[in-house]
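The following features are taken from TrEMBL:
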DOMAIN    1-73  domain 'FtsK'
BINDING   Gly20, Thr21, Thr22, Gly23, Ser24, Gly25, Lys26, Ser27  ATP binding site
Amino acid sequence: MDGAFGLDISKDGPHGLIAGTTGSGKSELLQSLVASLAVANTPNALNFVLVDYKGGAAFKDCVHLPHTVGMVT
């Protein structure tokens, strides 16, 4: 895929699936998505419940955002 990628969670829905091999950048993509959504929305308009079944390392910095209301590991 070349060029910019857009995501409309109102139109496309709030759920998605990201798959890839080890080292392919899944965690970096998720961190970027969470950070971008946090910058574009107030905590009153958007909340995160972060789910990471590998110990929470992928979202270690995102958990401190005011938008984050929970973390499941």
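Glycine residues also receive a Cβ, built from the backbone N, Cα and C atoms like all the rest.
Taking the features listed in TrEMBL, we show where each one sits on the structure.
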residue	record	contacts (Cβ under 8 Å, 6+ apart)
Gly20	ATP binding site	Lys26
Thr21	ATP binding site	none
Thr22	ATP binding site	none
Gly23	ATP binding site	none
Ser24	ATP binding site	none
Gly25	ATP binding site	none
Ser27	ATP binding site	Ala57, Ala58
- Item | CB contacts for Lys26 (ATP binding site) [other CB atoms within 10 A, all chains] | 14
